[in-house]
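K.L.:
Here it is, the structure, as structure tokens.
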Amino acid sequence: MAPVSGSRSPEREASGAKRRSPSRSPKSIKSSRSPRCRRSRSRSCSRFGDRNGLSHSLSGFSQSSRNQSYRSRSRSRSRERPSAQRSAPFASASSSAYYGGYSRPYGGDKPWPSLLDKEREESLRQKRLSERERIGELGAPEVWGLSPKNPEPDSDEHTPVEDEEPKKSTTSASSSEDDKKKKRKSSHSKDRAKKKRKKKSSKRKHKKYSEDSDSDSESDTDSSDEDSKRRAKKAKKKDKKKKRRGKKYKKKKSKKNRKESSDSSSKESQEEFLENPWKDRSKAEEPSDLIGPEAPKTLASQDDKPLNYGHALLPGEGAAMAEYVKAGKRIPRRGEIGLTSEEIASFECSGYVMSGSRHRRMEAVRLRKENQIYSADEKRALASFNQEERRKRENKILASFREMVYRKTKGKDDK
């Protein structure tokens, strides 16, 4: 351990000597060497050897012969040389990055890249590549999820006729499953009913035994009365059971009838679908004798409300309408000016109508005005009749009033 410590201390001294060299003169250096450094001659030689070792280690293997000649001078040199060679790269790093025409690519304190780091990077890269290949083959369900096993059929590829066979198979399978479930439920319900009956019968037996023990203690007359009561109770219970069974049988029958009707209707619908698969079945078919558009349902339900369509006849309108009625023609509505009544009737028969609200309003006005029409003679007769009736009423009222006034005045005169 002594030579190693000695090899480190001269390095520090050498660096200190380099720093001091420009300030001191050569005489002072000699004087400092002569008295003091007799003991440390080996140290100075080791300094020289350290410097040579640094330069030789960086310049190459060609200078190894010189190192051998320096080693032969003293044992201290040969002991201190390997330690100097060990510390050579670190000393060169602390000093400049250029020695003997050889420059380090990294410079400064950065170490050389090791082979282990490269091998680690290569192994990590290979692992990453293999992992990505595996993900590409198998997929990552936690990120993307799985695709559907049975995708929905395309409307262009699969027509409804092609899809009928799988539909029938699925319906048959579902119906068989439903039948199995119903059978299981019915069996469970029967077992429960049997258990309940057994419990009831056991309770009845216990009651009977208790009643028998009580009846033994009582008289014979009481026992006969109890027997009759029991018989009556038994008969009532039997009647109730029969009624329940009858109800259950009726329910089962109704369920069977419903199933049969539903099955028959489904079969009929399937047959119709096979005959005409492209028919629209969203609307229910209702036989209608009417030709043209149907009347709106809102008007049919508005019988309770008073209709308030249009207003009174305009001046001259009644006479014009009366002429149409006399001729037996259809009265034209407003908005139909320019067309004859025959043309309008032919258009309506073929299915042409006005826009919805206008058509309803004008049709109602036309019907109301047709009912209002009177000829001029009828109007005169009505007016004269009304006037005569009014005069008669007035005369009656006046006559009764005169009589009353006369009676009162006559009674006063007599007094």
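In case you wondered, yes, glycine gets a Cβ from its N, Cα and C as well.
The annotation region 'Disordered' is assigned in Swiss-Prot to 1-311. As annotated by Swiss-Prot, phosphoserine applies to Ser7, Ser9, Ser62, Ser147, Ser155. Positions annotated as compositional bias 'Low complexity' by Swiss-Prot: 23-32, 54-71, 84-108. Per Swiss-Prot, N6-acetyllysine is recorded for Lys110. The compositional bias 'Basic and acidic residues' annotation in Swiss-Prot covers 116-136, 156-168, 259-270, 277-286. Residues annotated as phosphothreonine in Swiss-Prot, with similarity to another entry given as evidence: Thr159. If you look up Swiss-Prot, you'll see 177-272 marked as region 'Necessary for interaction with CIR1'. Taken from Swiss-Prot, the feature compositional bias 'Acidic residues' covers 212-225. What Swiss-Prot records for Lys283, Lys305 is SUMO2 cross-link, and it gives similarity to another entry as the kind of evidence.
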K.L.:
Validating a neighbour-count step here. Other CB atoms within 10 A of the CB of Ser147 (phosphoserine): how many?
P.N.:
7
K.L.:
Quick check: in three-state DSSP terms, what is Ser147 (phosphoserine)?
P.N.:
coil
K.L.:
Across the region 'Necessary for interaction with CIR1' (177-272), what does the mean pLDDT come to, as a whole number?
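P.N.:
Looking only at the region 'Necessary for interaction with CIR1' (177-272), pLDDT averages out to 69.
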